[in-house]
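Notes follow the structure.
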Ligand code: GLA
């Protein structure tokens, strides 16, 4: 059993292969957090908790005259408002009398096989029976008649522990939830010196990794944009100040949610850490009516005692197998060409067929028709919501076009942006109230568009029906689901004034509901997520769409930084990455085909350019690289991922994938800054077998040497030069 309960000490012990998570119900019924870290068997770590009388830290009444017992200084498993703990609470509820005080005590628990379910929200699942166990700890507030269930899903083999929270209002009176975080993690051990990593950015520059020192007070990472956002990812890593890729402790906390979130770290008066994540509580509250329950989204935790590589690999493996769903989650996706950067809005069936003819001969397998195929959309000012093919651009309709592309040997995919509406659209003219808009105010436009009220079932039904009629009209095998703005006008004409504050979460539940309906109705369609590139690159979306357009920035040198940050939590297979034309449309930079290909290959590979304008030499290069990608696809997607340099600091970017059995690896290097008379590029390889010999570019070198002495490469002094090296165990092939 991965989950144990000790009847004598009331301790809960959650074990994964390499980690231990421990809690304890104390004499007063409060649930304390005891320890999370490297696996320790047969030991109760409650000796770590040493109550001390610290001034201005109050004592619960039950503690009598014991001034040492304070919830302000004890490590708490799920802290709440109003009990004399002045750190960040995870739960705040206003009762009928206006008080926000809560007093949660242990009521009972259940341990069962399998993984708990969260209705209507994305969450990890068991891919094989018996791989997960669940602990549900039930806490109760007697005065308010509230029950709070804390769920723990233990994926022992994967070193992953998930958490989720359910609140049930068992009273006959309504209460208002002001805040409900999904997890709070108190860490009291250690020397008090910690760093944390978060992933910030902007449109065209997502998930830039920043490592900062934890300081006293609260550091908050959040989104209020209605999407998880380009600006912050719902993912934090807390680590020792000495932790590196290969050594040291680190904790990951990733929220399975795609909307407004809050995550952060607090360091308190005793240097202890509280790490938390959940729904953003700004402009949020939820009316929990009598008898109702509410589920907070899931958080995925992992701990590594051996640095960031292992932490990332834990997430990669789990997300590929236990988060992504459907027939495409593990298989190679078709190599696609997307017409966006080739034509933008100016295309017709004829253009697409020409592109297709030119692409098919390169080894490309699918053509994706991007924005501009519907309504009368020739720029971004109109037609969103009118999901009817533009017969002037696509004469005869989608069926005819797709048949022609299929007969050329190409699959066909389509772009949609279902959550949006243009004011210049038949949909808006007919249903202006379907757009989010505040009464007596003009809406905030962004990219000329408004946002549909996804909390409304009638709106979702309309989108579902109109998308189904498009998807049924031709052999469509892929959908790119876009979302191109931050949300501003949080008002739904279907909600009462006291429930408007629920809208941001109801919006997300609506999006998930629609995605669930469509993806389950079309299991043979590959769905790719997108939000102006990677504005909604999060585990919530990966549950419905195993692939996400990583960024609108296709410049390979910038992509190195974006893909580096993305790799801390998300697997290569989830990263949609394309080779585009030069000069690059976002930065104006020119790079070689080889470099663009090497960078795009570390993802789900494709093209975003006009193949008709390529030289014979470039066409040959593409042919070669497509066949290399097909050859290496297994190791790229199934191999363990290792970051070998930091492209935000270093002169070159280096990363590799190695099979778990250490039989082979693929090394990738891109020189980011050219220098005169440069030093050799030197990399220490990882993930090889120290006892084996490997073939590396015609030489035989031991794994021990490659990992400890490294590989020195004398590369041509050429801007953005890149190199990919396949490394194979020599012994097996001798
Ligand atoms: C977003 C996407 C792009 C493209 C455009 C179309 O910006 O990220 O890839 O699809 O929309 O409008």
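In case you wondered, yes, glycine gets a Cβ from its N, Cα and C as well.
If you check TrEMBL, you get these features:
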type: DOMAIN; residues: 29-288; note: domain 'Glycosyl hydrolase family 36 N-terminal'
type: ACT_SITE; residues: 482; note: active site, nucleophile
type: ACT_SITE; residues: 552; note: active site, proton donor
type: DOMAIN; residues: 653-727; note: domain 'Glycosyl hydrolase family 36 C-terminal'
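Across the domain 'Glycosyl hydrolase family 36 N-terminal' (29-288), mean pLDDT in this model comes to 97. Taking the Cβ of residue 482 (active site, nucleophile) as centre and 10 Å as the limit, one finds 23 other Cβ atoms among all the protein chains shown. All protein chains included, residue 552 (active site, proton donor) registers 22 other Cβ atoms within 10 Å of its own Cβ. Residue 552 (active site, proton donor) and residue 482 (active site, nucleophile) have their C-alpha atoms 12 Å apart, to the nearest angstrom. Broken down by DSSP into helix, strand and coil, the domain 'Glycosyl hydrolase family 36 C-terminal' (653-727) contains 6 helix, 34 strand, 35 coil.
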